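K.L.:
Handing you a structure now.
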Amino acid sequence: MDVLFEDNAPLSPTTSSLMPSNGDPRLYGNDLNAGDANTSDAFNWTVDAENRTNLSCEGCLSPPCFSLLHLQEKNWSALLTAVVIILTIAGNILVIMAVSLEKKLQNATNYFLMSLAIADMLLGFLVMPVSMLTILYGYRWPLPSKLCAVWIYLDVLFSTASIMHLCAISLDRYVAIQNPIHHSRFNSRTKAFLKIIAVWTISVGISMPIPVFGLQDDSKVFKEGSCLLADDNFVLIGSFVSFFIPLTIMVITYFLTIKSLQKEATLCVSDPGTRAKLASFSFLPQSSLSSEKLFQRSIHREPGSYGRRTMQSISNEQKACKVLGIVFFLFVVMWCPFFITNIMAVICKESCNEDIIGALLNVFVWIGYLSSAVNPLVYTLFNKTYRSAFSRYIQCQYKENKKPLQLILVNTIPALAYKSSQLQMGQKKNSKKDAKSTDNDYSMVALGKQHSEDAPTDNINTVNEKVSCV
């Protein structure tokens, strides 16, 4: 211990030995009564190393000290965000696989849902982990400053793409209900992909000013060490263009679609003529019956049977609208708090408490991220095809098992037997009708003979003459 003391040092302690450079006292938990000596820097470092758990690190903004302060605590919010990230990535990968592998799901609406799942999956891969990292560092940006603008750009891009996809789905279904023939004729896979490309192009255009101006001026994307949009114009214009305007279009077209479906269903129930007219616009595959048989069936068909196909298609549309309505509702409910609070932070900048607004934004943004994880759960609960596909993919079965031959025979033989019995009954009825018709013919012949016997002989002679002439 002698090497730690200076030869001519006084025996009274100084403040430099027990006080940090910034003047704040630190409780080391050691009493230097024995000797009351002034320690050197080496002794100060030893005491600090033995008691570093008592450090407060106030005013210390260096990354090692900052990470030491926050990483030692149990961060339950970071754990919850990690669960959201895993659910988002895994669920949306299942949606992408289902639409890619299941032929039943390969239509325009599901292509939009697959593109929406891609946006949500990329949000879970590229945006959410960095946001979780900022939570671990006390909402301060731990990465290089140039990456802040890129991260905000990706966040706005994928969030805007989500609302744009839902808006496009709502518009596409409304057009399909209003003009089904034109929509079915021009709604090919290529056209669906062109619409998806247009959605992504609009989303990129809306979010592109963020990296353009943010990389030139850090003050637009940094505020007190936190990475966020600090420009009020960005916040206001971006909120309206990327959320509120598409939200208005989506809600209006969705309710117009519901109204049109209800109107068609009412027409199908009330007016038989309209049912017959609408039945020709059915998207279901036509049967292989000949035109003559279809004409004969249309003659003997009951009035209420004309609209069965149309009612079935309308029922399917209503079910699809129900599922999409749940997706729309959850998206709106989960993202509205963030955008409303974001606008309030700009409008009431002086009167609002910035700490409360910042805390609300940190919570509401993760509620919005949660909507990306909820969509696959909605598909699973309300769509049988998605549910069966997800269960097979989890079991590493990527192809649907075909029914064995026994099940095919069991399902087809009773139907064939029923049809054959119906044919036999029809033949018996036809034979009875033929027998009745022959009896009537015989009776008519007998009456004719009796009438001919009672007739005068001169008439018979004239008839014989006519027959001989023929």
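A Cβ is built for glycine as well, from the same backbone N, Cα and C atoms used for every other residue.
Sharing the features that Swiss-Prot gives for it:
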COMPBIAS  10-21  compositional bias 'Low complexity'
DISULFID  Cys148-Cys227  disulfide bond
DISULFID  Cys348-Cys352  disulfide bond
CARBOHYD  Asn38  N-linked glycosylation site
CARBOHYD  Asn44  N-linked glycosylation site
CARBOHYD  Asn51  N-linked glycosylation site
CARBOHYD  Asn54  N-linked glycosylation site
MOD_RES   Ser280  phosphoserine
REGION    1-23  region 'Disordered'
TOPO_DOM  98-111  topological domain 'Cytoplasmic'
TOPO_DOM  172-191  topological domain 'Cytoplasmic'
TOPO_DOM  259-321  topological domain 'Cytoplasmic'
TOPO_DOM  382-470  topological domain 'Cytoplasmic'
TRANSMEM  81-97  transmembrane segment
TRANSMEM  112-137  transmembrane segment
TRANSMEM  147-171  transmembrane segment
TRANSMEM  192-215  transmembrane segment
TRANSMEM  233-258  transmembrane segment
TRANSMEM  322-347  transmembrane segment
TRANSMEM  356-381  transmembrane segment
K.L.:
Measuring Cα to Cα, how far is Cys227 (disulfide bond) from Cys352 (disulfide bond) in Å?
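P.N.:
Cα to Cα, Cys227 (disulfide bond) and Cys352 (disulfide bond) are separated by 20 Å.
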K.L.:
Going by DSSP, how much of the topological domain 'Cytoplasmic' (98-111) is helix, how much is strand and how much is coil, in residues?
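P.N.:
Reading the DSSP string over the topological domain 'Cytoplasmic' (98-111) gives 11 helix, 0 strand, 3 coil.
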K.L.:
Sort out the residues at least 6 away from either end of the transmembrane segment (322-347), same chain, that have Cβ-Cβ distances under 8 Å to it, and list them.
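P.N.:
Apart from its flanks, the transmembrane segment (322-347) reaches 109, 159, 162-163, 166, 169-170, 173, 232, 235-236, 239, 243-244, 247, 250-251, 254, 258, 354, 357, 360-361, 364-365, 367-368, 370-371, 374-375, 378-379, 382-383.
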K.L.:
Other than its close neighbours in sequence, what residues sit by the topological domain 'Cytoplasmic' (98-111), given a CB gap under 8 Å and a spacing of at least six beyond its ends?
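P.N.:
117, 169, 172-173, 187, 189, 191-193, 195-196, 320, 324, 385-386, 389-390, 393, 398-400.
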K.L.:
In sequence order, which same-chain residues at least six apart have a C-beta under 8 angstroms from Cys352 (disulfide bond)?
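P.N.:
Counting only residues 6 or more apart in sequence, the Cβ neighbours of Cys352 (disulfide bond) under 8 Å are Met344, Ala345.
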K.L.:
Between Cys348 (disulfide bond) and Cys148 (disulfide bond), how many Å separate their Cα atoms?
P.N.:
26
K.L.:
Cβ neighbours within 10 Å, counted over all protein chains: which one of the disulfide-bonded residues Cys148, Cys227, Cys348 has the most?
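P.N.:
Within the set of disulfide-bonded residues, the most crowded position is Cys227.
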K.L.:
Which sequence positions outside the transmembrane segment (112-137), separated from its termini by at least 6 residues, show Cβ-Cβ distances below 8 Å to it?
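P.N.:
66-67, 70-71, 75, 77-78, 81-82, 84-85, 88-89, 92-93, 95-96, 99-100, 143, 151, 154-155, 158-159, 161-162, 165-166, 168-169, 172, 192, 195-196, 199-200, 226-227, 362, 365-366, 369, 372-373, 375-376, 379.
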K.L.:
Where among 81-97, 147-171, 192-215 do we find the most Cβ pairs under 8 Å to the transmembrane segment (356-381)?
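P.N.:
Stretch with the highest Cβ contact count: 81-97.
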K.L.:
Restricting to the same chain and to residues at least six past its boundaries, which positions have a Cβ under 8 Å from a Cβ of the transmembrane segment (233-258)?
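P.N.:
Distant Cβ neighbours of the transmembrane segment (233-258) are 156, 159-160, 163-164, 166-167, 170-171, 173-174, 177, 203, 206-207, 209-210, 213, 220, 321, 324-325, 328, 332, 335, 339, 342-343, 345-346.
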K.L.:
Do you know the mean pLDDT across the topological domain 'Cytoplasmic' (382-470)?
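P.N.:
Across the residues of the topological domain 'Cytoplasmic' (382-470) the model's pLDDT averages 58 on the 0 to 100 scale.
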